[in-house]
Amino acid sequence: MERWWFDSILFKKGFEHRCGLSKSMGGLGPIENTSESEDPNRNDMKKNSHSWGSRDNSSYSNVDYLFGVKDIWNFISDETFLVVDRNGNSYSIYLDIEKHIFEIDSGHFFQSGLESSFYSYWNLSYLNNGSKTDDPHDDHYMDDTQYSWNNHINSYIDIYLESQIFIDTYIVSGSDNYSNSYISRSVCGESESKGSNISTSTNGSTIIESSNDLDITQKYRHLWVQCENCYGLNYKKILKSKMNLCEQCGYHLKMSSSDRIELSIDPDTWDAMDEDMVSLDPIEFHSEEEPYKDRIDSYQRKTGLTEAVQTGIGQLNGIPIALGVMDFQFMGGSMGSVVGEKITRLIEYATNQLLPLIIVCASGGARMQEGSLSLMQMAKISSALYDYQSNKKLFYVPILTSPTTGGVTASFGMLGDIIIAEPNAYIAFAGKRVIEQTLNKTVPEGSQAAEYLFQKGLFDLIVPRNLLKSVLSELFQLHAFFPLNKNSIEH
């Protein structure tokens, strides 16, 4: 027997939007106000469902908030559903279709009405192959037990889900294995579940899964950006103005290097460096799928960049700075010989001009297509930073974004005078899978997240994106780097 947990703390319209629900999916007529943007905490929300009565004379009842999924015969055989309603009441519902058992934990106010409704329905003549009508159509309908049961439960499912359950659905399995089924498909139907997700939890650990049907995401990706955390959709045109922060949960989504430069640098002050420097194929890397040079060309066309980092000088609230921004969209922000050379030249320029230095890190590590040439960039950049920091006593701030891993973490990512990380950033040297395969040990969930590493003292600050520019400005002035124009400090 498996146990299924439904968390109904979130509001109706999100689930309706995600699953495409605007009316009852299965049987007892439309649901009131499902297309309106209501306050989820309104008292009359409990009225928005039909009872188990007839279609023509429907009434409303608290009993009508049940549980369920589509294709009930395929999904439920011997299950216990754990439900929390929006008042915080929790209760369990046990259902065994084969043995005709339907139980609710004792003492809950839903029990009497819900059980009596269930057994009244179960004992109807057409479920027991009882009396037939003279109408051939009705006879066919009455004899179809699966269709009748499915339809009736589905109507309850629709009512409960639209009024109570959002996308944050937890499945607690009684077995040791994770459930591989997507509840969103059962809840929303095959055609309605695109973009929905579940969070599957067993023995204290949690994994988040999204629908594997990517057609709808691909079709509308020029309009919407899906949050990696809550799977909410964000309108692409306004996402940039919101600093790529998810409107639903505030999660820090990935940003391109150009957007980060625009966010950090004052208008009309950016002067790019070494834009014409491009990668070759120094070790003639062999690939059966795509030659290295062709892959570079492909990413250049896709991103509009020549390499995985942009470097240059500009002003931050009037303070002249040297800035390097890595772009994860270009080959995962991997560090090859060109990336290393551009960053080294930027550091040397900042050293000569006595400028504060910022490098925004977003990288999967050294670029394997360039072999040891990519690895030596770690030493080259670190050597340039040593002269910048130790000899010239200048100020360097790395900003670690998600993800920052591999050779970048092992070199200039962790050499700052003040190290700043973005919230929820994934920061590591080796990835979780590599560690587990190498050491044959399980890596705890969240142990490579910025918040956990901050508690261990790995860096100095976690700064939200909307506060980053002002925090950097304060740090620079604290270290005696002041605006060229004193009026700009007010901005």
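Using the three backbone atoms N, Cα and C, a Cβ is placed for every residue, glycine included.
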State the residue range annotated as zinc finger by Swiss-Prot; the candidates are 89-111, 158-180, 227-249.
227-249
Quick check on the binding-site residues: of Cys227, Cys230, Cys246, Cys249, whose CB has the lowest count of neighbouring CB atoms inside 10 Å?
Cys249
Listed in sequence order, residues not in Cys227, Cys230, Cys246, Cys249 with Cβ within 8 Å of the centre of the Zn(2+) site Cβ atoms:
Glu228, Asn229, Tyr231, Gly232, Asn234, Glu247, Gln248, Gly250, Tyr251
How would DSSP class Cys246 (Zn(2+) binding site) in three states?
coil
